[in-house]
Amino acid sequence: MVNMETCAMDCCVLKALLAERAHKCLILDCRSFFSFSSCSIVGSSNVRLSTIVKRRAKGSMGLEHIVPNEEQRCRLVAGMYEAVVLLDERTSELDMLRKDSTMMLAVNALCRDSRGSSIYFLKGGYETFSAQCPEFCTKNSPPVGLSLPLCANNVPGSADSNCTPCGTPLYDQGGPVEILPFLYLGSAYHASRKDMLDTLGITALINVSANCPNHFEGHFQYKSIPVEDSHKADISSWFNEAIDFIDSVKNSGGRVFVHCQAGISRSATICLAYLMRTNRVKLDEAFEFVKQRRSIISPNFSFMGQLLQFESQVLAPSCSAEAGSPTISVLDRGTSTTTVFNFPVSIPVHSGANSLSYLQNPITTSPSC
């Protein structure tokens, strides 16, 4: 049953609130992370409830899941918001929603736990609001990378003066792509192009390889993750360090470029782990989000398996800050055990990776990236 304290708010009313008293209004967007990241109302926050969290909550969701930002949650509990407005894609009546939908769970939690704030849902959702009030919305089209010349001839700071456009591998074409405003993904070639990095405002690089050089150590901050693109490699033990590094650069106002040799497997894995942890999303959602920006990403079987294990830890209600360094990792450093994952089901095997070509995988993986 819908809580009667929740009323519909027309788009024109929200527009007036944002124009006059935006600091008194908390907007909670209940759409998927992918939809929210592509376009959203200015100043809104995304409510992300995983299937695991929903199932374990049994209809009674804690406020910490609805408003993960601690500062906003404290302001809400203290009654400092006049209005809390929830929205999804296009709902016009709350009675149309399932009881276990993200917005209904959020409505019930807010009506139960908020203090002194009126709870509303936006009539017509983001679809209607963006059509009527586009000036209060942000829209981020999937970046396609830089349109810079492929040849590094005569480019100051270039590490390679002999490249030619002819025969340039696909993974080196174009430029680094924006995953988030402070996070970029690309190849070792891109990492050797100081002009590209400077154009993007890059201040730090994560080098996810054991043999790619750090070309400009006097100019950029570097973080090295010496992992081979191998089914025996343990990349998950580096997730926490990489995530902390990205966050530290972000918090200082900088931008991070993550690369391996081709920008397909190892560096993509790090970006996926970052999205999963910081946005509490499933692997398939993070994968689709990154693939929209760099279509050739293809983490190897083992890395996909480690990401799946990471997903179960990230989305568990009791997950801790140590989730990126599990007590029992998929592959222990230094061991020779091989585990191949037929996404999304893990299959431990004892034969060599080369003998497993018969395994079919809906997500193409690359043997060497």
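Every residue, even glycine, has its Cβ placed from backbone N, Cα and C.
Cys260 (active site, phosphocysteine intermediate) counts 29 other C-beta atoms within 10 Å of its own C-beta, drawing on all protein chains shown. When secondary structure is read from DSSP and collapsed to three states, Cys260 (active site, phosphocysteine intermediate) falls in the coil class. The annotation active site, phosphocysteine intermediate is assigned in Swiss-Prot to Cys260.
The annotation domain 'Rhodanese' is assigned in Swiss-Prot to 21-138.
Swiss-Prot lists 175-316 with the feature domain 'Tyrosine-protein phosphatase', giving sequence analysis as the kind of evidence.
The annotation phosphothreonine is assigned in Swiss-Prot to Thr168 on the grounds of experimental evidence.
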| request: Report the DSSP secondary-structure composition of the domain 'Rhodanese' (21-138) as helix, strand and coil residue counts. | output: 55 helix, 22 strand, 41 coil
